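Undergrad: So TrEMBL has the following annotated:
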type: COMPBIAS; residues: 1-15; note: compositional bias 'Polar residues'
type: COMPBIAS; residues: 16-36; note: compositional bias 'Low complexity'
type: COMPBIAS; residues: 37-46; note: compositional bias 'Polar residues'
type: COMPBIAS; residues: 57-70; note: compositional bias 'Polar residues'
type: COMPBIAS; residues: 128-145; note: compositional bias 'Low complexity'
type: COMPBIAS; residues: 146-158; note: compositional bias 'Polar residues'
type: DOMAIN; residues: 215-253; note: domain 'Zinc finger Sec23/Sec24-type'
type: DOMAIN; residues: 297-523; note: domain 'Sec23/Sec24 trunk'
type: DOMAIN; residues: 540-632; note: domain 'Sec23/Sec24 beta-sandwich'
type: DOMAIN; residues: 646-742; note: domain 'Sec23/Sec24 helical'
type: REGION; residues: 1-84; note: region 'Disordered'
type: REGION; residues: 116-161; note: region 'Disordered'
Amino acid sequence: MANPTQPNVGFTPLTNSNPSESHSSPHNPENNNKSPIQPSLPSFVTTPPRFPLPTLHLQQKQDQGQSPNVLLSPASGGSGGGIVKTVGGSPVVVPHLSTPPGPPVFTSPVRPAAVPFRTSPASPQPVAFSPGSSSLPALSPPQFSNGSFESQQRQVSDSVIEEHGPAGESSFVLFSAHKVLKQKKQANVPSLGFGALISPGREVSTGPQVIHRDPHRCQSCGAYANIYSNMLLGSGQWQCVICRKLNGSGGEYIAHSKEELHRFPELSSPMVDYVQTGNKGPSFVPVSDSRMSAPVVLVIDECLDEPHLQHLQSSLHAFADSLAPTTRLGIVLYGRTVSVYDFSEGSVASADVLPGDKSPSQESLKALIYGIGIYLSPMHASLPVAHSIFSSLRAYKSNIPEASRDRCLGTAVEVALAIIQGPSADLSRGIIKRSGGNSRIIVCAGGPNTYGPGSVPHSFSHPNYPYMEKTALKWMENLGHEAHRQNTVVDILCAGTCPVRIPILQPLAKASGGVLVLHDDFGEAFGVNLQRASARSAGSHGLLELRTSDDILITQVVGPGEESHVDTHESFKNDNALYIQMLSVEETQSFSISMETKGDVKRDSVYFQFAIQYSNVYQADVSRVITVRLPTVDSISGYLESVQDEVAAVLIAKRTLLRAKNHSDAIDMRATIDERIKDIALKFGTQLPKSKLHRFPKQISLLPELLFHLRRGPLLGSIIGHEDERSVLRNLFLNASFDLSLRMLAPRCLMHREGGTFEELPAYDLAMQSDAAVVLDHGTDVFIWLGAELAVDEGRSAAALAACRTLAEELTECRFPAPRILAFKEGSSQARYFVSRLIPAHKDPPYEQEARFPQLRSLTPEQRTKLKSSFVHFDDPSFCEWMRSLKVVPPEPS
């Protein structure tokens, strides 16, 4: 039986709702009232659910092929519409300028340190492709051209090979449970939900098996042959696990034993890469440096005050020194004009200048690109020139407030796109060359875009501000789409104290597949992120195919992509896959997939296949195919035992954060978390005797604690003061990989011990022991807390601080964005950052404290008394108090 047609999963462009203030939520095309898909309610639902049903909702929803609204009108003004050659930011040639104080050397990646853990990391175990035996699914009567159906059916049942799952595990796909409930009513409880996290671009040391030929695909539904396909020995035929139709293999799969079939990687591994390089011809780049053909262009704000500029220069010098010799670099400055630096001058910092009040004209771009200047140069030939350019930067001189300075960020990004395409791009006909992987534009912004296209007025009181903001949002989004069409990712790194108006900049980064990150200043964290942004190898032309057994319905997708309408009916007339265009293919990203069962599941297992097609940085076409088989169960207890608390929590958090577009929404979502906990306890928990209270299921005892962290942490809580910061974190979280998402959701607490070891503890405030040092990893921030008694002993505190700092760098050496690492002592004003992220358990009775924080048992009575007296009373409930306020008995700790 063929897979039923998936619902109409349309992606409708939606407008943003009145982002009229600097602290408003970022522009987000999603809208709660306009769901792109309205899944039909199950027949047993008679009243509206207490929390929203999932809907298919991707981050970007724009009509395909829409080019940006770029006005290529002739330039005007003092420059006469042409290009002005300046040297050192001035119309005249000046001697080589002196360099500011030497840049700090950022140790990234850090050297491994001998800091052993006392306990294993609390990371989830990926879904294991566990062995299991299942009978051949019932076949629809096939039409055979030779022989009777009975004889063929007998041959299938006698000769079929039931492949078992391998002993290994996959980190590319993580399911919220290792089993699927057969009963629809139980399986589709929305408060718990079922789904998977997919990391399409994840790189692992032991990568998938590589196949240099075309894959065998089901001629009916388009699924790929895989380890779970039933093979018809002696005939070369195989049965699709998705639609259960028989397919031929052109004789390739003819074998007389299953051992012979093991020579095919796709029949012996759940994950394979099909790699095609022949069709690229001379453009294939088989070199070790994957970014040779994908340049990096820095777009730098030149309206900075002296302190910010000095930090930025230090970060830029360190960045230039970190680049590989073959990396091609471009440097563009923007203020009221756009300066494109020329690497051909050698000993001086020379730039061509274009006006910033409007999009560059076609004539200006041709004069720039076809001129004699060199605007992209490999670092081995131009490192001294890059340093001289960075040294030539000068602070803003006019007496104008930071927020009111003219910044033509939009025009600067347009110019950067043009120089990336270079002379081989025919600008008049829009023919774009194909580079290896994604090129990168990294914007270093210190203030809002207030001049030229995509800008907004300096003042919110401008009479036309709402209209101009709406126009700017659309223009920036179109520019991001144009960058994506040209295989260029735009990352925006903001720093300083001036509001940058996140809602205006977010669409540019989002639509191009990039990220927007806020920093306190242009110092170390900014410099490390600058390096890591440029070093991220990214594929392009990404397409994600999602196929499931006909029992499963995909209801929601969250991630950095948009639905793609791929017409495959000429090749596969029953192809019901969901296709998603990925904006870029990077290790730091993931897609969260929510699923339901369409009805009661009759079979013993269900199948999921994820195919990721993309062009890698070597210009080879890759099709990565991952196939998963999950057993089905009748027992609720058996299902709950298979639930992966951390994966389930991340999926729930992404569904929740998608609806928290501003502070008011976040408050509503906190109430949703409360309702979710109560409903899970009601549906899956046990009722206490002679009571209306329900005990939360012990099998998923970690889940409510993770959701409690979500409820009170920076994503939904109030511990971050500015809405811009919260909105940036939410957007980052929605696209982040599982590892980063989990850490942003719930912090990881590690206490320093004598001898340089660390003990992992629950993230409770009971860890604030005055004679200890604690590291708290919260994803985008890492805090080092030194107890007051320890801080008095200079020798011990210095050793503990050094060990904690080394551990923090080790934990985050590959993370992007690189987190802030803040260290402070007990009782300091900054310690509130640390305290606010810990669960306040000091008010719980001693027996509950010991049950959930066993380390307390190792303290002497005097130490426990001192610890208790160190806490200041406040109204925040503890985890146990919160659970009881919901009329739910907390689960026993596992």
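Every residue, even glycine, has its Cβ placed from backbone N, Cα and C.
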Undergrad: As a test: from 215-253, 540-632, 646-742, pick the stretch that has the greatest number of Cβ pairs under 8 Å with the domain 'Sec23/Sec24 trunk' (297-523).
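TA: Against the domain 'Sec23/Sec24 trunk' (297-523), the leading stretch is 540-632.
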Undergrad: On the DSSP side of things, how many residues of the domain 'Sec23/Sec24 helical' (646-742) fall into helix, strand and coil, could you say?
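TA: Secondary-structure breakdown of the domain 'Sec23/Sec24 helical' (646-742): 65 helix, 5 strand, 27 coil.
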Undergrad: What are the DSSP helix, strand and coil residue counts for the domain 'Sec23/Sec24 beta-sandwich' (540-632)?
TA: 0 helix, 56 strand, 37 coil
Undergrad: I'd like the per-state residue tally for the domain 'Zinc finger Sec23/Sec24-type' (215-253) from DSSP, helix first, then strand, then coil.
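TA: The composition, in the requested order, is 0 helix, 10 strand, 29 coil.
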Undergrad: Averaged over the domain 'Sec23/Sec24 helical' (646-742), what pLDDT does the prediction give?
TA: 92
